[in-house]
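Copied over from TrEMBL, here are the features:
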- 22-388: domain 'Glycoside hydrolase family 42 N-terminal' (DOMAIN)
- Arg119, Asn157, Trp319: substrate binding site (BINDING)
- Glu158: active site, proton donor (ACT_SITE)
- Glu311: active site, nucleophile (ACT_SITE)
- 400-610: domain 'Beta-galactosidase trimerisation' (DOMAIN)
Amino acid sequence: MNRQQLGLASSMPGEGLIFGADYNPEQWPKASWPTDVALMKEAGINLVTVGVFSWAQLEPEEGQWNFTWLDEVLGLLHAGGIRVSLATPTASPPPWLGKLYPQTLPTDAAGHTLWYGSRNQFNPSSPKYRAAAASITAKLAERYAQHPALAMWHVGNELGQISFDDESACAFREWLMGKYVTLERLNDAWGTTFWSQQYSTWDEILPPRSAPYIGNPGQELDFKRFTSDQLVSLFQAERDIISRYDTTHPITTNMMGFFHGMDYNSLARETDFVANDWYTDPGDPQSWQLGALTHDLCRGLSGGKPWLLMESATSAVNWRGHNVAKEPGALQVDALSAVARGADGVCFFQFRQSSFGAERFHSAVVPLAGSKTRVFREAAALGAYMAQLGALAGTPSQTRIAILFDWSSWWAAESTARPSEKLQVMEQLLAYYRPLLRHGLSVEVVHPDTNLGRFDLVLLPNLFLLGRQQAAALKHYVSNGGHMVVGPFSAVADEEAKLATGRFPGALSDVLGVSGEEWLPLDKPVPLVFTSSSTGTQLLDIHASIWSEDLELHGPNTRTLAYFGVGRLAGKPAITANPWGAGEAWYVGADLPAEALEALVMSAVAAAGIQVPVPLGLPDDIEAVERGDQLFLLNHGPTLSTVELPGNFGTSTTITLPPYGTKVLSQKQNRVYS
C-alpha cells in the first residue's frame, strides 16, 4: 500500500476533528490511570499520544522487555473510547545505551560528548543507535499493530539531533560520494581552491568542526543537508519496520515549524500526513502571526490536505526565559487558528502536568491543581467546540497565493560572512506575509520545486538559492499568466551556494526586467520616492532602513515603481514591475516598511485578480481565515474589536469580538458558532 494515500483521515474515520494530548502514564501511580481516562472523556479528548519517552520503562536493560504496563494503559484507553497515537520512544534513549555504547552519543563541533541525563542524546549516524531503535520499534509494531485502540503511529519526537563525531564523518563522506562521485567534482562544488582547501583523498574530509576562522560555505551547507537526510532516514527506517506489521494505520512524526535544523520538505514526503508542534508565546503580542505563517507552512507541506497540530500548550511553557501564561480565552483562539488553516486536530503537551523532571513547570490539560481549574475548564470547552466543528474534518484548504521557501536557501542565506546579518530570512518572510494576513488572504508556504500552476500569485521574499530549472519554472509560470513578487537578495547563488557571475538576480534578471551590480547595506535610512501610479496608494515619508541594491532597468517595458531619493543611488530604481508574457513580475531592491510593503503586495494581489476577503484590512490582533464555507474570526488581543465584512457571512457584516474571542461563520448554513 502507498503510505502517502493513507492520510490523516484514515486514523479516525468518521470521528470528526481530533482533540488530544500527550499522555505519560509512567509518570503517575497506576491507581490514577482510570481517573485520567475519565478526565480525558470529560475534556472531550479522543486521542492521546503514548510512549514518547518510555524507552527505559519498556526496555530497562538491553534485551529485557516490559510491556505489561503499556498493555494495561492501552486497554484502559480503549475501554474509555480514547484512541491512541503510539510513539516509538527513540528520541530519548535510556542511560544504559549511552553507558554500554558511548558511540551512540552525539558530539558537538568542538568534540565534546553530549551525555545522557537529558533527551535527544543520540547520534543519528551511529549504527548501534539505529540497531537499538530498530529493535524497540519492531517489538512495539509486532505487539500493537492490531490493537483496537491504535489510531496512528508517532515515530520518535521532534527529530533534530546533529553530531560531528567520527561515525558521522564516515557517513558524511559516503553521502558526499553518492552526491559528487569524484573528488574533482566535490572540490569544484565547494570551491576548495580558496584558502588551499583542496582534498586529495576522501578520508581527509570532515564535518565542519570548530576551526580557527570562517568555514567553507559549501561544506557547511552540505553538512546541513546531510544531517537532515540522516534524520529523514531515521524516520524511514522506523516507518518501514512498522509497515512490515501494519499497513492500515498512518505513520507520522512531529515537526517544529520553521525549525532551522532539518528540511521538512524532504521529511513531509515520507510521512503519511504532516504533524507539527507550535507554541504561541503569550509574552509576544505578535507571536500569533508567526503561528499563522507556521500553520500555512504545514498547509503547504501537506499540499492543501489536512494536517495535525501534534503539540501546543494550554498556557505557559517552561523553556523560555520568562514564561508568560495565556490569558483566559487565548487557548481557544490559538487552537482555532490552526484549524482554520487546515489542521484536522489540535493536541497539547501534555495531558497531566508533571510534578518532576525538566518540564514540571510546563502547562497541561490537567494542571497540578487538578481539574477544578481555569485551564481545564477552557480545555474542556474547546473540546466541546471542536466536536461542533467536526464536519470540517477532511476539508481541503488550498489557496491561490504561495510563498516560496527552501531550507537549503535559508541555510545558505544566513551563512557566516555575508553582506549584512540584519537581512534575516524569517523576518522577510513575515514582512511579506503580514499584508496578506491583514486582509484575510490564505497562503501556502511551498518549496520552489512545487508545481505553481494553481497559484495566481507567488512571493519570493528572500530566496537566496535558485537553481536553473527552478528559475526556468518561475519564468514559465509568469509567462503563462502568473504574478511574481521577488524580494531583495534573491536568486543570488546556485544550489551549491556559488554566487552567480554577472549581474544579479542572475537567472531571473530577464523576467524581472532589472539587474544589479552591487548590494549596499545601509548605515542610515534612505528615502524612497514612489511614482504616482505605482501602487494605487499615496505613500509619503517611506525609507529603506537596512538594505539597498544598485539596479538598472533593461526590459523594454519595465516600470520603476519607486526610486531612491538621495545618496549614491538617487534616482535609481528600488522597486520595479515588468510584464512578461501573459503575467507580471515585481522586484524589490530594498527593505520596505510595513505600509509600503502592504501597498506593493496588495497591488500584486489586485493584478492577479484575487478577491480580497477584507479589503479595508483587519484591526490589530484580528485573524480572519476561510476554510471551506466557514469563516474563522479570531481576536488574539486583550481588547474588544469590531470587524467589517463585505460578504454575506451570518446575519450581519459587522462582527464584534470580545478580548480573545472567536466566531466561526458559515456561508451556506447561515450559522454562527461563538
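Residue positions begin at 1 at the first shown residue.
The backbone N, Cα and C atoms fix where each Cβ goes, glycine too.
The Cβ of Arg119 (substrate binding site) has Phe53, Ala91, Ser92, Ala358 as same-chain neighbours under 8 Å, each 6 or more residues away in sequence.
A Cβ within 8 Å of the Cβ centre of Arg119, Asn157, Trp319, the residues given for substrate, is found for these other residues of the same chain: Ala91, Ser92, Asn120, Glu158, Ala358, Glu359. Distance noted between the C-alpha atoms of Trp319 (substrate binding site) and Glu158 (active site, proton donor) is 15 Å. Other Cβ atoms within 10 Å of the Cβ of Trp319 (substrate binding site), summed over all protein chains shown, number 10.
Compared over the active-site residues Glu158, Glu311, the count of CB atoms lying within 10 A of a residue's CB peaks at Glu311. Residue pair Glu311 (active site, nucleophile) / Glu158 (active site, proton donor) shows a Cα separation of 10 Å. Of all Cβ atoms in the protein chains displayed, 23 besides its own lie within 10 Å of the Cβ of Asn157 (substrate binding site). Classification of Glu311 (active site, nucleophile) by DSSP places it within a strand.
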